[in-house]
Amino acid sequence: MPANSRSARLTHLDDAGLPTMVDVSDKAVTARSATAESRVRFPAAVAAQLRANGLRSAKGGIVETAVIAGTMAVKRTHELIPFCHPLPIDACRFEIDWAGEQLLNIRCTVRCVHRTGVEMEALTGASVAALTVYDMCKALSHSMSIGPTKLVSKRGGKRDIGAAQ
């Protein structure tokens with residue numbers, strides 16, 4: 001078992017091995033935050049064209065559309081991931097910028113005050129924003145790639161992960 005594991009048991013399986021939603025009713029209500037990021041890699045010619053056009057495509061503003069789609073996804077994560085709790089999202093922020101010549105970095109930070117964390121919401125927001133960038137640019141090339149998508153940090157639960165955002 002890895003050193004950072006709390007137990008070998010998966011929390012979304014009950015004692016009989018059946019899928020279940022975690023009961024968070026006994027957890028303390030605390031401020032929760034999480035940041036996730038995803039990346040979109042473009043072919044060199046496509047990246048150059050996007051830079052020249054100010055990250056606009058024939059479909060419109062790429063960053064603006066990705067932020068809207070990512071925010072919508074954050075708010076609907078519980079409808080996409082079966083055992084996620086519906087959460088009252090207090091804040092959702094995106095940072096989208098170039099990380100090198102061909103790599104667009106998408107960072108999503110989510111905050112709420114609740115009994116459970118917002119990691120899945122941040123991961124979903126970053127993922128859907130990246131998928132939206134792909135959709136907005138696919139007329140230029142299908143040779144783009146997405147990833148890695150990862151949790152960068154989380155705060156407010158039993159343990160904190162990563163640097164504070």
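Cβ coordinates are placed from backbone N, Cα and C, and glycine is handled just like the others.
As recorded in Swiss-Prot, the features of this protein are as follows:
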- D135: active site (ACT_SITE)
- F83, C84, H85, M120, E121: substrate binding site (BINDING)
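If you take the Cα of C84 (substrate binding site) and the Cα of D135 (active site), they are about 26 angstrom apart, rounded to a whole number. Neighbouring residues of the recorded substrate site, listed in sequence order and excluding F83, C84, H85, M120, E121, comprise T77, H78, I81, L87, T116 (Cβ within 8 Å of the Cβ centroid).
Within 10 Å of the C-beta of D135 (active site) there are 15 other C-beta atoms, taking all protein chains into account. M120 (substrate binding site) sits 22 Å from D135 (active site), taking the C-alpha atoms as the reference points. Annotated pair D135 (active site) and E121 (substrate binding site), C-alpha to C-alpha distance, rounded: 21 Å. Note on H85 (substrate binding site): other Cβ atoms within 10 Å of its Cβ, all shown chains, come to 16. In the three-state DSSP reading, C84 (substrate binding site) counts as coil.
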